[in-house]
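Here is the structure we will look at, set down as structure tokens.
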Amino acid sequence: MINIERPEDRIPPDTFSLFALGFRPFFLFSAIVSVILILLWLPYLYGHLSLASHFNPLMWHAHEMVFGFTTGVIAGFLLTAARNWTSMETPSGTPLILIFSIWTLGRLAVTVPLGLPAGLIAAIDLLFIPSVIAGLAGPLIKARNIRNIAFLFILALLWFANLLMHLEPLGVSNSARAGTDLGLGVVILVIVIMGGRVIPFFTRNPLPGMTPRKWGWVEFCSVFGTVVLLFLELLVPLAIIPAIWSLLLGLILLLRVSGWYDKRIWQHPIIWVLHVAYASIALGFVFKGLALLDWVPASTAIHMLSYGGIGLITLGMMGRVSLGHTGRMLHLPPLTVMGIKVLTVGILFRLGATLFGGALGSALLGIAALCWILAFGAFAKEYLPYLIKPRIDGRPG
């Protein structure tokens, strides 16, 4: 049957469409929030600003980058992708506004010293992930989309990690660090899974004759190994075991991403950014193994995974998804391409800041922070009109 689109079904071009689909508010404001977070964090590190948030400053920075910025991006992606996976409606309009408002209130409650009780702050922040699960569960379960129902359990694990963080300011347990590590690990698991699905596909499409190479044991070990590592650090007291596991996992992920490589990717920033991001995750696991053996600082692994892996994958995926779901050609606009290049170089500065320390390390840290601000600020500026206006083809979404 031919689906004939009627003119009256088209969305007028002047309609405010920020809440038409999940990616729109969460991609835009996650980028903005990440810039604000770094603008607050950097002067604190240099001694020019006092942070009196719900957590101690270090835990606040970790919490907001994982459970604020990154979880916001994941929510926007899943609330959008689930519509494609199930051909069913996902939250838009008022339900999406409600979910987004909960996320926004969480950011304010955790960061701004409003004098709220710690229990109320925790309750507000911990409400966000369940609201996302509620928005996803209906379509995924009704469509019997078994392959992606797993994301509901992954989100639940992310919620548990957030709970562990909040238990510390509540005076229940000293579990904030464990919550940070688990939360970061769950986010990386999402990237390992989704990256393995989409990066080969995105690479093959614009490159004639390109066929990604896949090995069954590599595909299995990539996901299984990441899941196991989530718990090895928490449950196994001997550092040597998670260290070796992490080193091997990093090498397996490097082998995995090498199978998707084609030298022509460097002509397409929308593709190579995803490859560099995935390679950063792999190297992050290598550094984690070395850090557990006390051969490199732990911060090296953390920031290779977060600044390099999460930073680049979120910037690249937000750029691509926003183009596709607003009816545009898949060619990144110039400011975002610049931002991707700047953030890629910023990885070296961020690693250098950890390795060198002292005055040089402090200067490199400032440059890395500036790279992040420029990259995500450029995305927010360039994509603002795309995300608040209707699709250019007039279709809903």
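Cβ atoms are placed via backbone N, Cα and C, with glycine included.
Noted in TrEMBL for the protein shown:
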- 26-46: transmembrane segment (TRANSMEM)
- 58-81: transmembrane segment (TRANSMEM)
- 93-110: transmembrane segment (TRANSMEM)
- 116-137: transmembrane segment (TRANSMEM)
- 149-167: transmembrane segment (TRANSMEM)
- 182-203: transmembrane segment (TRANSMEM)
- 215-232: transmembrane segment (TRANSMEM)
- 238-258: transmembrane segment (TRANSMEM)
- 270-292: transmembrane segment (TRANSMEM)
- 304-323: transmembrane segment (TRANSMEM)
- 335-353: transmembrane segment (TRANSMEM)
- 359-380: transmembrane segment (TRANSMEM)
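Taking Cβ pairs closer than 8 Å, the transmembrane segment (116-137) reaches residues 22, 54, 67, 71, 75, 78-79, 82, 90-91, 95-96, 98-99, 102-103, 105-106, 109-110, 151-152, 155-156, 158-159, 162-163, 166, 169-171 in its own chain, all 6 or more past its ends. Here the transmembrane segment (149-167) has Cβ contacts under 8 Å with residues 55, 59, 63, 67, 71, 74, 78, 118, 121-122, 125-126, 129-130, 132-133, 136-137, 140-141, 173, 175-176, 178-180, 182-183, 186-187, 189-190, 230 of the same chain, all six or more residues outside its ends.
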